[in-house]
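Pulled from TrEMBL, these are the features on record:
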{"type": "DOMAIN", "residues": "B:90-296", "note": "domain 'Cytochrome c assembly protein'"}
{"type": "DOMAIN", "residues": "B:326-627", "note": "domain 'Cytochrome c-type biogenesis protein CcmF C-terminal'"}
{"type": "TRANSMEM", "residues": "B:6-30", "note": "transmembrane segment"}
{"type": "TRANSMEM", "residues": "B:42-63", "note": "transmembrane segment"}
{"type": "TRANSMEM", "residues": "B:95-112", "note": "transmembrane segment"}
{"type": "TRANSMEM", "residues": "B:124-142", "note": "transmembrane segment"}
{"type": "TRANSMEM", "residues": "B:176-196", "note": "transmembrane segment"}
{"type": "TRANSMEM", "residues": "B:208-230", "note": "transmembrane segment"}
{"type": "TRANSMEM", "residues": "B:250-267", "note": "transmembrane segment"}
{"type": "TRANSMEM", "residues": "B:313-334", "note": "transmembrane segment"}
{"type": "TRANSMEM", "residues": "B:355-375", "note": "transmembrane segment"}
{"type": "TRANSMEM", "residues": "B:395-414", "note": "transmembrane segment"}
{"type": "TRANSMEM", "residues": "B:448-468", "note": "transmembrane segment"}
{"type": "TRANSMEM", "residues": "B:607-627", "note": "transmembrane segment"}
Amino acid sequence: MNMFLRSLIVLLPVLILIFFAKILLVDDEIKFKDFESKNFPEFSLNDLNGDPVRAQSLDGIKLVNVWASWCITCLVEHPFLTKLSGQNFKIIGLNYKDSNAKAVAWLEKHGSPFLFSIYDPRGDLAFDLGVTGAPETFLIIDRKIVAHIQGEITQKKWDAIFAPKIFKARQPS
Amino acid sequence: MIGEIAHFLSLSAAVLFGLILIFNFFFYFGKASPNQLVLSTRLFNQACWLVFFSFGIYIYLAINDDFSIAYIASHSNTQLPVFYKITSIWSAHEGSMFLWIVFLIAWSILFIKSLDQNHPLKKLTLLMLSLIILGFLLFLLLTSNPFERILPFGALEGADINPVLQDPALAIHPPMLYLGYVGFVISFSFITAYLVNGNFSLQWEQDIKSWSLVAWIFLTIGIALGSWWAYYELGWGGYWFWDPVENVALMPWLAATAFMHSLFASSKSNVLKAWTMFLGILIFSLSLFGAFIVRSGIIDSVHSFANDPQRGLYLLTFSGLISLFAIGVFAYRLPALNSSNLVVTGSKESFLSMNNILMITSIFSIFLGVTYPLIIESIYSEKVSIGPPYYNSIFAPLILIAAIFIMISIDALWQRRMSFRTFILSILTPTILSVLTIYIIWKITNVFSVLAFIGILSGLLILFSYSIKIITNFIDKKYINKGSAISHIGLGVLFLAISLNSILSYEKNLNLAPGQSIVINDSLKDFSFKSIKVLEASNHDVISAEVSVIQDNRSLSLNPQKRKYTTRGQITSESAIKASVLKDTYLTIGDQLDNGSWTFSLKINYFIKWIWLSVAIMVFGMLLTIFKNKTS
C-alpha cells in the first residue's frame, strides 16, 4: 500500500469536514432561514380602550407580548420591556384572560411599555398563536411570526433569539 | 427540584466519563496495574447508571406534566394520554438526543460487561466508548439542554405534541433507528481499539459479530418502519422519497450490510481484514454524519430539527475528530493489516470484495446526491434538487451487477477458484428462468421500462438461484446456510417488489362534487363521491368524505379525512387505504374548489406490502444467522 493512497484515506474526510464547516460558518445567513415563519393569525379584537385593532398595526418590526395583571413573571420582565420601548422598539401587548379594569389599573400603576394592548379576555387570539401561558413574546416582521420566546424575556434570550433576526430584517436587501 | 436532580445526575455522569479519560490518560504510559482497569470499569458502570436514572426521572417529569421544564412545556400537554406524554420526549431535538445517548450507553455498558476482564482490548474499548459518550453528553448539556427551566414561573399548559407525531409509530420508529445507529459504536470502538493496540494476531471478529448483527436488525427495522409510517400514517403515498434524511440512514445501512458480509469472510480467512475494518469504521462515521445532517439543519427536509449553527458546528467538530482519529489510525496501520495472501479470483472472497466495491460506490453516489445541492449552492448560489431519477439510474446497474455476483457466489468456495463448469451450471438455470419470467411479465403488463426491468431481472436472478440451491441441497441432503439464503431471498423479493411497483402503480387526480360519480378504467368502475361531513373530535375538527368504488367487481367504501388540530392549527390528512394481496387502493382528499367540488388523489400502489414483507424476510434470515452464531 503506497503512501499516496494512505494519505488520501485521511485527506478525503478532512476535505469533506472543511467543506461542511465552511457552509456552516459562511452561509448561515442563507441556509438558516426560518422554518417556523408563519402568518400572524387573523383576528377581530379591540384594544383596552375599546377601539378595534387593525391588521396594519402589525406591519414592520413589532413585538407582541402576552401579559396579564395576574401574571407575576410579567411584572418581572416589565423593566426589560420598558427598556426596549425606550430603545424605540414597538411593542404591542396582548392582554390575556384578564379583566379590562384590572389590566388598565396594572398599566397605570407600573407604566405601559406598549403602543397599545389587544384585549383578549377569552384567549382566542392567544389560542391561535399557540400561547401556552403568560408571558410569551413574539417577534413579528411584516405580519409574519419570525421568532418566539416562552416565559420571561431576558437580555440573553433577546440577544440569542430576536436580535439576529431584527438585524437581518434591517439590512437593505 | 426533581428536574435539577436529573440534570445533576447527567452532569455528574459527564464528569465521571471525563475522569475515566483523564485518569487513564495519565497512567497509560506508565506501568498499568490490573486495579486500574477494575476501577475504570466500575466508574464507567456507575456513570452509565447515573444517565439511566436521569432519563428515568425525565420520563417521570414528562408523565407528571412538569411544564416548568421548557422542553416538556413545548412538546407535551396535559390532555395527552400517558403513552404520548412519554413518546413526546423524543418528538424533537433535545429529548431525542437524550434518548440517543441513553441507547449509546446501554449498548456500551452491555458490551463492556460481555468482555472478559483480561481481554487485551477491554481498556482501550472502554476509553473509546467513554470519549464518544462524553462528547455526546456535553453536546446535550451545552447546546441542547432538555432540563432547561422556564423561570421563575412555568407554563400552565403544554404546547402539545405535533399531531403527525401523535401516532404509535413514533413510539417505535425513532428508538429502533437510534438503536441501530448507535449499535455500531461497538464495532467502531472495538476496531479502533484493535488498531491502536497493534497486536494483529488477536482474533477480534467473533467478539463483535453478534453485536453488529443485532444492530443491523434494529437499523433495518427502523428504516422500514419509517417508510411504513410515511406511507400508512403520514399519507405520503409512497414508501421512499430519497429525502436527505432517508439517505443518511441508508448510507450506514449499506455500509453495515457490506460490513456483515466482510466480517464473515474475515472470520474465515484474513484476506478481507482491511476491508472489514474500514467498513466497521465507516458505518459509525456515517451514523455521526447523519446526526450532523439532521441536527444541524444544513439541509431542508421533513425530518430536520430546528436550525442552530452552533449545534451543527459542535457536532461537525466532534464527530469529525472521532472519525478522523479512527481513519487516521487505520491508514497508519494499513501496511501491517494487509495480508500476504491475495484474494483468489473466483473464490467467495473475490465476489464479496466486488460487492464491497459496489456498496461503497452506492454509498458514495448517495453521498454525492446529498451534498451536490450544497456544493452547487455554495459555489453558484443556485438551488438544485437531486431527485429519484438520479438515484434510480445510478442504482439500477449497480443492483444488477450485485445480483449477478450474488448468483455466482452461491456456489463459490472460500479461498479456492471455482471451476468453469460450476460457474456455468450455477448461472445457466437461473438466467434462463429469469429471462422467461421477464418475458411473461412483459406480455402480461404490456409496459416496458429499462430501469424497472433491470430491477426485475436482478430480483429474479437472486430468487431463482437461491430457490434452486435450496431445493437441490434439500434433495441431496447437503448443508445450506439457511440464514443467508432467507435474507437473500428477502433481497430478491425487495428488488422485484420495488420494480413492479414502479411500473404498475398509477395515480389519478379527480375533481368531484358530492353526489357525482365517474368511471376511471376497466378495473375501477363507478367511483362515487357520496357525501362529506364535518365532525368535531376532542382536539381537532374532521372533514370526512364518503366514497364508494367498484374495484375488480368488488365494492369498496373509502373514508379519506382531513383533520385540523385546534391547538397548533395544523392540518393533517388521513388517507383511506384498502389493501389486497397485490395492490393498495389509496385515496387522499385535497381541497374544496370554488364551485363546491373537492379534489381527490387516487393512487393504485402495486406490490407495496411486499416491500415490507421482504424486509421482514431479510430480518428473519439475519435472526437465524445470529442464532447459529450463538450456538456454534
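From the backbone N, Cα and C atoms, a Cβ is placed for every residue, glycine too.
Remote same-chain residues near the transmembrane segment (B:448-468) are listed as 392-393, 396-397, 399-400, 402-404, 406-407, 410, 426-427, 429-431, 433-435, 437-438, 441-442, 485, 488-489, 491-500, 502-503 (criterion: CB distance under 8 Å, separation of at least six residues from the stretch ends). Remote same-chain partners of the transmembrane segment (B:395-414), defined as residues 6 or more beyond its termini with a Cβ less than 8 Å from a stretch Cβ, comprise 265, 268-269, 346-352, 354-355, 358, 361-362, 365, 422-423, 425-427, 430, 450-451, 454-455, 457-459, 461-462, 465-466, 469, 488, 491-492, 495.
Contacts between the transmembrane segment (B:42-63) and the transmembrane segment (B:124-142): present, as 3 or more C-beta pairs lie under 8 angstroms, all at sequence separation of six or more. The stretches the transmembrane segment (B:95-112) and the transmembrane segment (B:6-30) are not in mutual contact, being linked by fewer than three Cβ pairs under 8 Å (pairs 6 or more apart in sequence). Same-chain residues lying 6 or more positions outside the transmembrane segment (B:313-334) and placing a CB less than 8 Å from one of its CB atoms are 131-132, 135-136, 139, 142-143, 188, 191-192, 195-196, 198, 200, 274, 277-278, 281, 284-285, 288-289, 291-292, 295-296. Within its own chain, the transmembrane segment (B:6-30) has Cβ neighbours under 8 Å at 36, 39-40, 43-44, 46-48, 50-51, 53-55, 57-58, 61, 123, 126-127, 130-131, 133-134, 137-138, 140-141, 145, 147, counting only residues six or more beyond its boundaries. Same-chain neighbours of the transmembrane segment (B:176-196): 96, 99-100, 103-104, 107-108, 111, 121, 124-125, 127-129, 132, 202, 204, 207-208, 211-212, 214-223, 225-226, 249, 252-253, 256, 259, 277, 280-281, 283-285, 287, 290-291, 325-326, 329-330, 332-333, counting only residues six or more beyond its ends whose CB sits under 8 Å from a CB of the stretch. Contact counts against the transmembrane segment (B:607-627), taken as Cβ pairs under 8 Å, peak for B:208-230 among the stretches B:208-230, B:250-267, B:355-375.
Along the domain 'Cytochrome c-type biogenesis protein CcmF C-terminal' (B:326-627), the predicted structure has mean pLDDT 87.
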